[in-house]
Amino acid sequence: MAKDIKFSEEARRSMLRGVDTLANAVKVTLGPKGRNVVLEKKFGSPLITNDGVTIAKEIELEDAFENMGAKLVAEVASKTNDVAGDGTTTATVLAQAMIREGLKNVTAGANPMGLRKGIEKAVTAAIEELKAISKPIEGKSSIAQVAAISSADEEVGQLIAEAMERVGNDGVITLEESKGFTTELDVVEGMQFDRGYASPYMITDSDKMEAVLDNPYILITDKKISNIQEILPVLEQVVQQGKPLLIIAEDVEGEALATLVVNKLRGTFNVVAVKAPGFGDRRKAMLEDIAILTGGEVITEELGRDLKSATVESLGRAGKIVVTKENTTVVEGIGNSQQIEARIGQIRAQLEETTSEFDREKLQERLAKLAGGVAVIKVGAATETELKERKLRIEDALNSTRAAVEEGIVAGGGTSLMNVYTKVASIVAEGDEATGINIVLRALEEPVRQIAINAGLEGSVVVERLKGEKVGVGFNAATGEWVNMLESGIVDPAKVTRSALQNAASVAAMFLTTEAVVADKPEPNAPAMPDMGGMGMGGMGGMM
């Protein structure tokens with residue numbers, strides 16, 4: 001396919017139009033008085049959102065060169081979302097400001113490589129200063145503030161703070177769509193996995209349709225059990241102890257299942273069988289987790305063990321187990337705390353090494369089940385459109401809170417970027433490097449300016465006043481007051497601000513050093529089919 005090539009100024013100008021188109025659509029959402037953007041969906045109702053990365057991903061421009069510019073900035077939002085989970089609009093605003101300011105200087109004759117060096121120096125200094133002024137997050141109220149600012153909803157802030165308090169910082173907090181109008185929190189203590197009883201005849205509570213086992217033994221194996229003779233020796237030992245039994249196996253079927261059900265119905269002993277969670281290697285790892293949590297062993301041929309050799313000593317124990325049609329929850333496993341800690345450490349090490357998003361999610365789930373528990377926030381709303389928008393906001397708030405726990409918090413509302421202004425301005429440089437530093441200085445003002453503009457105020461007036469204020473004092477766009485941002489609970493996670501600045505600078509530097517752009521030439525439209533009007537059947541009379 002033939003290519004279209006543009007060089008230097010023409011190339012950069014074409015891409016800048018794309019940058020501006022995307023950034024202008026995204027930046028209207030910034031701040032407490034930011035507006036929403038409506039996105040058309042091919043199926044279902046349109047999506048209304050103020051989430052920068054969601055908007056950026058939807059934008060596709062007709063002109064190939066403009067589209068490349070737009071995609072570069074979308075990459076800033078996407079990367080910031082991957083690293084910090086929030087701050088995508090701030091990242092987009094910073095990138096646009098650096099690109100526009102940089103392009104003016106390149107057009108005026110500045111060397112792009114010199115500008116790049118200056119930008120990198122300035123961003124390094126800004127990040128060091130951000131780390132210095134960040135404060136560790138302490139207590140439930142701080143967590144609630146971070147989540148409330150991100151979601152623009154105090155109720156959501158309280159909900160997330162409560163969830164994190166209940167399951168710990170390593171706990172898993174998931175979002176589900178609720179059938180009702182209200183948003184509520186559901187916390188599962190202990191370890192839960194998504195496998196239910198093998199037969200409904202095993203239930204102990206017919207009203208709730210669940211089986212509850214108090215102080216049970218737990219047989220854990222990766223084998224399929226179809227012959228009752230295989231587990232008869234260990235069954236007899238459990239019956240002698242007078243305790244209930246939970247069997248976790250690849251499957252329990254045929255004669256073995258029938259015998260267990262008959263004995264359960266006769267009241268000989270209380271037993272529930274469930275399938276092992278997960279698949280393949282993940283199943284082995286999860287069975288090992290359950291064994292460590294309950295102080296039992298996984299009976300597997302890989303370790304030279306068969307079911308006939310199993311004894312009561314090789315079974316796990318727990319305070320209580322609840323089995324429903326779809327889930328099994330193990331509460332108060334009596335495993336050795338040192339072994340559990342070692343296992344948690346092992347999973348954390350795997351988390352740091354993995355590059356797969358899917359694996360990371362599954363490891364995080366396993367970690368939470370061992371370390372704390374799982375909290376589910378059930379998101380409710382009046383309409384499907386509102387539900388989608390609310391779910392996106394809560395997701396951002398959740399990511400924001402996790403980022404705050406990791407690296408602490410800084411003053412919100414773009415104030416922290418202005419607080420590092422003096423440090424960046426004090427860097428000694430000359431020529432194009434100094435110009436690069438000035439580009440970053442100009443960009444640092446942009447989030448505050450845009451928040452003020454979205455609140456219907458003159459951005460430059462707010463920026464100039466902020467330069468003269470003490471560190472931590474900023475403009476509360478929601479009320480129009482000048483306040484101490486940290487004391488007023490207007491905070492941003494340091495990680496979110498840092499990621500936004502780093503990613504914006506990275507893309508801006510790449511943009512400014514671009515000298516040629518290559519795109520596919522648009523294919524000419526195929527000619528329309530000729531009119532077939534003259535080929536009526538009437539003209540064929542002579543052929544009869």
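The backbone N, Cα and C atoms fix where each Cβ goes, glycine too.
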Of Asp20, Asp492, residue recorded by Swiss-Prot at the ATP site of Thr29, Leu30, Gly31, Pro32, Asp86, Gly87, Thr88, Thr89, Thr90, Gly413, Asn476, Ala477, Ala478: Asp492
Asn476 (ATP binding site), number of other Cβ atoms within 10 Å: 19
Secondary structure at Asp86 (ATP binding site), reduced by DSSP to three states: coil
Chain-internal residues, separated by at least six, CB under 8 A from Thr29 (ATP binding site): Arg35, Asn36, Val37, Thr49, Asn50, Asp51, Gly52, Ile55, Thr89
Spatial neighbours, same chain, of Thr88 (ATP binding site) - Cβ under 8 Å, 6+ residues apart: Val26, Asp51, Gly52, Val53, Ala56, Ala77, Ser78, Thr80, Asn81, Ala500
For Ala478 (ATP binding site), nearby residues of its own chain (Cβ under 8 Å, 6 or more apart in sequence): Pro32, Lys33, Ala455
